[in-house]
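Positions annotated as FAD binding site by Swiss-Prot, on the basis of sequence analysis: 7-36. Per Swiss-Prot, active site, proton acceptor is recorded for 477.
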């Protein structure tokens, strides 16, 4: 067979892989092969392109790997959803489109780790800005010419967004006008990755659209990576399968580096399948050990969240939009004008608070939604309602990813070990009680009806714990399973290079050493922008001097 050679092979066309593909091919002499196990991002499919349809891709298998965890021991042994994006755009093709970067202190904390000194907020902010075009223009914190379109909430959006923010302020928490600006702490409007024409701004739309016409970029969809090929400790290529036929094995060789961007679930899985991981485990799976690296698949983290739902006394919620007979008009307005309910992910307000003084920066996140429904579109309440999604941000619980089979189409064993520490339970109890306090402020008096969920009869610690155990769900933020650093459990260095190997990097949410305070997509893109400059041998962007808020 005719084996082609490229300067770089990127595994996974997701939030990070597409950034690398676009940036590396800006150098006209650099050839790149981008491998994606899923299909194209079909632009005529409203399920991925219409922001308000965000629940649809999670219900199917075309765009979602639809992993399930092992029974979670502290969650009544539930097997919990772990949706991950499949197709050009990866999880940016199916996520909730919240543009939230996390707290500056997250990055300051990363930078205290040996080898990560250049991951401070000042080092990273220029790369957040480089990636972004914000619809109201740039400033010290925001970009105005990047590939990711960011939309800000507009006047005239749902009255419940404003009432919920006002209630948070009345409950004694700060107000902030920009959750990605000087001060994350507090309640305020939430930005979203949506284009000016009301379309989802995935990294396929942002980055690949500007790169896919380049002769030095080859994009293969329906190409599932079997393993990375090595000559001793040097990555020399990738073996992959086209379509669903395991006999249809292809190989591509690499001159410079293999860049693994398959995400926090699949990146450790591919490393293990390729012989890089904990040696005793690899031998037990009958895999030849290329390199003993015990941290591969360890340190897995996620955000867990729950919904607090209320009836709405006035007919101002989005409940009518769930009725089939109202949807054609909503769809038409979105399709032809790029406006209306269809053009928003409906997460237009939220916030970050500290549930107690033991935390130096926020540990609880809120997303407000002007309808009562599950994130994946199930269990909609059959009347006007609204809800707060609330969860803790930096749980001490740690999980792991383990291969179950050498079959490249088999899902791995995933265990997040949710709620395994006393801090977890304390934070979730506090979150429920604080949310109830917020919901009972005067700003919500005209709207707030009875509490639907958890239900006001649940009051004791034991009752609240039981609710969390049975009803908390993932926020779809798996991360940290191939962490950056220099300690014995680190998988990559501060530039994403796999320890002990040559010509191999991991660049995606798996390399975060600690999960951030907020949604992951914006930071995953930033990481890829930053490492792209390092791969290209370019000088880092000048450090930012923009200040950030630290609670006294």
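Glycine is treated like the rest: Cβ placed from N, Cα and C.
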In three-state DSSP terms, the structure that residue 35 (FAD binding site) belongs to: strand
Rounded to the nearest Å - Cα separation of residue 27 (FAD binding site) and residue 477 (active site, proton acceptor): 32
Inter-residue C-alpha distance, residue 7 (FAD binding site) and the residue listed as 'active site, proton acceptor' (nearest angstrom): 31
Which listed residue (7, 27) has most other Cβ within 10 Å, given these are binding-site residues: 7
Residue 31 (FAD binding site) to residue 477 (active site, proton acceptor) - Cα separation in whole Å: 32
Listed in sequence order, residues with CB under 8 A of residue 15 (FAD binding site) and six or more positions away: 89, 90, 91, 92, 203, 508, 509, 521, 524, 525, 528
Listed in sequence order, residues with CB under 8 A of the residue listed as 'active site, proton acceptor' and six or more positions away: 302, 303, 509, 515, 519, 520
Neighbour-count leader, CB within 10 A, binding-site residues: 11, 19, 35: 19
DSSP three-state assignment for residue 19 (FAD binding site): helix
